[in-house]
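What TrEMBL says about this one:
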ACT_SITE  Lys10  active site
ACT_SITE  Asp129  active site
BINDING   Pro90, Ala91, Ala92, Ala93, Gly94, Ile95, Gly96, Gly97, Gly98, Ser99, Ser100  ATP binding site
DOMAIN    67-134  domain 'GHMP kinase N-terminal'
DOMAIN    205-264  domain 'GHMP kinase C-terminal'
Amino acid sequence: MTVREFAPAKINLSLHVTGRRADGYHLLDSLVAFCSVGDWILAGKAPEMRLAVAGPRAEGVPLGPENLVLRAAGLMAGAPAALTLEKHLPAAAGIGGGSSDAAATLRALSRLHDAPLPAPEAVLGLGADVPVCLAGRGCRMGGIGERIAPLEAPLPPLGVVLVNPGIDVPTPAVFKALAVRDNAPMPEALPPLRAFDPVVAFLAAQRNDLEAPARAIAPAIGEVLAAIAATKGCGLARMSGSGATCFGLYETEAAAASAAEALRGRSGWWVAAGRILP
Ligand code: C5P
């Protein structure tokens, strides 16, 4: 038996940095969505844990113990498997590639061996984005990533474009460059987010507080944002996570696909189109 688990790209539709803990981690208030673009994890029973990496973005993925798939698998040591990571997402890109791979690995091993998932604290230890990736659906994320509140109603299947300028922006450097660390959170009660117009109107009044420091480190992010904003039907262009990937929101998946066509062809840019998952 082989199980396949999708590891969708994580998109921070908003990301407010609201404080800083004594240990240096930052408090966040973020509306997180997942999209139909992502990696895959395949798992089959095997006497010991092993990992192979395939797919268009396999190059450069570390195969040592720092690999988040292997670290996640290490939390389920009683459930060995031959794992294949089919890599489509760029790494260190603000769309939770590694975190989503780790969460998909936990789901795959749990299904393969009918084994329980690890404790929430252990999951958080893999990375601040892994708990939300394990939830795998539209959530409001708080704390440093451990407070997960699934949205009351599923997000609409809006079209989304992802663009990465091919620059690695290390997350710690972006947090370090952040000037103000106690920004306002989102409103306590979120409005209904059931269609394109209200989603775009709400998000336009929110922010990604990491956008300015990330742009200072990698000015190409500004070019990406301007290019996305100029595409037909784009309701919002924003950076995800600590960058450098930026996203555009569209009313339909077809509109996103057309926008992606218009954005392709720039040297070094990674462009993908899909839809927001419920
Ligand atoms: O947990 P993760 O490995 O994703 O975090 C990478 C780095 O990002 C941390 O070492 C920290 O510098 C920064 N970070 C933060 N506050 C968060 C999440 C990450 O300061 N909530």
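Note that Cβ sites are derived from N, Cα and C of the backbone, with glycine treated the same way.
Feature map: annotations from TrEMBL on the structure.
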{"residue": "Lys10", "record": "active site", "DSSP class": "strand"}
{"residue": "Pro90", "record": "ATP binding site", "DSSP class": "coil"}
{"residue": "Gly96", "record": "ATP binding site", "DSSP class": "coil"}
{"residue": "Asp129", "record": "active site", "DSSP class": "coil"}
Rounded inter-Cα distance in Å - Gly98 (ATP binding site), Asp129 (active site): 9
Lys10 (active site) and Gly94 (ATP binding site), Cα-Cα, nearest whole angstrom: 8
Cβ-Cβ distance under 8 Å to Pro90 (ATP binding site), same chain, at least six residues away: Arg57, Gly97, Asn164, Gly166, Thr245, Trp270
Count of other CB atoms lying within 10 Å of the CB belonging to Ala92 (ATP binding site): 19
Separation of alpha carbons, Gly96 (ATP binding site) and Asp129 (active site) (Å): 7
Nearest-integer angstrom distance between the alpha carbons (Cα) of Lys10 (active site) and Gly96 (ATP binding site): 5
Environment of Pro90, Ala91, Ala92, Ala93, Gly94, Ile95, Gly96, Gly97, Gly98, Ser99, Ser100, the listed ATP site - residues of the same chain whose CB lies within 8 A of the CB centroid: Ala9, Lys10, Leu89, Gly241, Thr245
For the domain 'GHMP kinase C-terminal' (205-264), the number of residues DSSP places in helix, strand and coil: 28 helix, 10 strand, 22 coil
